[in-house]
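Trainee: Quick paste from TrEMBL:
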ACT_SITE  B:Lys84  active site, charge relay system
ACT_SITE  B:Ser159  active site, charge relay system
ACT_SITE  B:Ser183  active site, acyl-ester intermediate
Amino acid sequence: MSQLTRDEVAHLADLARIDLDDAELDHLAPQLNVILEAVASISGVAGDDVPPTSHPIPLTNVFRDDVVVPGLTAEQALSGAPEAEDQRFRVPRILGDEQ
Amino acid sequence: MSELITKTAAELADALAAGETTSVELTQVHLDRIAAVDGTAESGVHAFLHVDAEGALAQAAESDARRAAGESRHLLDGVPIAVKDVLATQGLPTTCGSKILEGWVPPYDATVVRKIKDAGLPILGKTNMDEFAMGSSTEHSAYGPTRNPWDQTRIPGGSGGGSAAAVAAFEAPLALGTDTGGSIRQPGAVTGTVGVKPTYGGVSRYGLVALANSLDQVGPVTRTVLDSALLHELIAGHDPRDSTSVDAPVGSYVAAAREGAKGDLAGLRVGVIKELAGDGWQTGVMERFAESVDLLREMGAEVTEISCPSFVHAMATYYLILPAECSSNLAKFDAMRYGLRVVPDGDPSAEAVMKATRDAGFGDEVKRRIMIGTYALSSGYYDAYYGQAQKVRTLISRDFTAAFENVDVLVSPTSPTTAFRLGDKLDDPLAMYLQDLATIPANLAGVPGISVPAGLADEDGLPVGLQVLAPALADDRLYRVGAAVEAALTTRWGGPILSLDKLDLREAGAR
């Protein structure tokens with residue numbers, strides 16, 4: 001199992017939308033490698049004939065009747081919002097400089 | 001200090017019914033106890049992140065008024081309870097032990113919270129936990145650790161160390177916990193209390209802030225097996241708002257606990273899990289476990305050794321499936337709709353705000369698991385990691401199925417060691433993960449488990465837990481066997497393992 005480089009850890013952090021600084025990368029990258037090395041031990045344990053389990057108790061999809069039920073009011077839904085305006089969540093600009 | 005705090009929830013319920021006390025009195029004595037021993041992030045038990053004295057006393061007064069009018073909603077109506085801070089409570093902060101949710105007050109109740117409110121149990125407050133339930137020591141809480149009431153230099157287990165420490169320190173007679181890989185059972189073991197992880201789907205997860213959807217389960221945290229049974233029956237049952245909730249009748253857990261306490265286990269087939277022993281298992285833990293197994297035999301059980309060969313891969317399987325699910329679940333903390341928002345200088349984009357917020361709001365363990373999960377799910381690695389883990393999960397379930405063809409319950413020590421010192425494993429994630437070796441298989445397979453006190457380890461005088469596992473939907477067996485062991489050991493010890501004089505609370509109590 002190849003080791004994750006510091007650049008690869010930075011890429012993972014980027015995918016996970018976490019802005020890690022240099023000190024955090026230095027701290028976390030070796031720890032991630034130790035964890036990955038340990039979990040890699042399951043490689044080859046189950047053969048191709050073993051079906052995957054996504055869910056411990058077998059279930060079928062669940063539907064409910066198409067009837068109106070009470071939900072949160074706009075005020076309740078916005079009660080934890082960092083910023084709100086006109087009954088909507090106010091967010092920072094969503095387009096980058098290049099768009 | 002009132003001696004009422006040492007009573008079990010069942011005893012308090014009887015005292016309320018007999019008119020010997022009131023809910024306001026019970027709630028007040030527990031609030032007083034919290035004020036005396038809970039302390040702060042720096043010292044004291046620190047089981048609570050938020051105490052709601054006013055709300056609890058108001059709920060208690062309502063309960064008393066009901067009872068005065070000849071009405072009672074439930075046997076536990078008026079008995080106060082603590083709630084793990086991962087369960088949404090309308091009007092009360094719910095932080096999940098994370099800075100990213102500091103000050104968040106949910107606009108709705110989790111189904112289990114709604115059920116305890118409807119039954120009339122006053123909510124004392126919200127209990128401390130590892131951030132988003134990731135950890136085995138409660139040291140990963142962003143608000144400072146909880147300390148073990150037996151020895152305040154040691155961990156109370158995790159992630160539900162707050163709930164376990166609260167009942168162990170007699171700050172609450174009952175608590176709710178959640179168990180994703182052992183977060184109810186392992187804290188129960190290291191604090192000398194009882195904790196139950198119900199069958200997956202047996203208790204609604206609606207309003208439980210998800211760590212890993214296919215593993216999480218809400219359950220009772222108490223000092224006795226009967227109290228867990230009472231609370232389990234109250235919170236269990238199908239919930240249309242949780243699509244993974246099992247549509248089956250709730251079992252007779254209280255009856256099973258009362259039956260078990262009679263001490264007759266004749267004909268019960270018990271399997272000792274061969275793989276959960278050996279290197280890394282503390283001597284004192286194995287000694288108390290061996291005694292418990294002897295006790296089961298003395299009560300009439302047929303004990304055999306059972307091999308579950310895939311259990312040796314359970315930890316690796318779990319630490320791929322859990323991070324994968326949590327990296328997806330925690331994507332919702334994006335600084336847009338609720339929770340923390342950190343805005344970098346200038347005119348940052350939403351993505352830059354998101355990244356800065358998640359860096360500032362999440363602790364190290366959460367970051368590690370999100371990144372491991374992101375890696376395990378990424379293109380090119382999915383089959384080798386997540387796909388393989390899902391297959392090994394099947395093998396672990398098959399081990400349980402095969403075992404339960406030959407035995408009624410399986411037993412093991414709950415945790416490989418007693419409570420370790422605060423700080424010992426904080427920067428060694430793998431050593432921390434090993435704490436959950438014995439508890440993880442049940443979550444992967446969805447089967448129920450209980451931890452009951454098995455005594456104190458000779459080398460350090462700290463509590464050891466016995467774990468009992470049963471097939472899915474056979475949670476009643478946990479109560480029968482758990483109550484039998486509890487009754488026999490309590491008789492042998494001349495009283496419960498947990499008592500006020502054994503606790504290390506003088507320093508905090510003196511303040």
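Quick reminder: no glycine exception, Cβ is built from N, Cα and C everywhere.
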Trainee: Rounded to an integer, what is the Cα-Cα distance in Å between the residue listed as 'active site, acyl-ester intermediate' and B:Ser159 (active site, charge relay system)?
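Mentor: Here the two Cα atoms are 5 Å apart.
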Trainee: What three-state secondary structure does DSSP assign to B:Ser159 (active site, charge relay system)?
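Mentor: Where B:Ser159 (active site, charge relay system) sits, the three-state DSSP reduction gives coil.
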Trainee: Write down the Cα-Cα distance for B:Lys84 (active site, charge relay system) and B:Ser159 (active site, charge relay system), rounded and given in Å.
Mentor: 10
Trainee: Restricting to the same chain and to sequence separations of six or more, state which residues have a Cβ under 8 Å from that of B:Lys84 (active site, charge relay system).
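Mentor: The list for B:Lys84 (active site, charge relay system) reads B:Lys126, B:Thr127, B:Met129, B:Gly160, B:Gly162, B:Ser163, B:Ala175, B:Leu176, B:Gly177, B:Thr178, given in order along the sequence.
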Trainee: Just to be sure I understand the packing, how many Cβ atoms besides its own are within 10 Å of the Cβ of B:Ser159 (active site, charge relay system)?
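Mentor: I count 35 other Cβ atoms within 10 Å of it.
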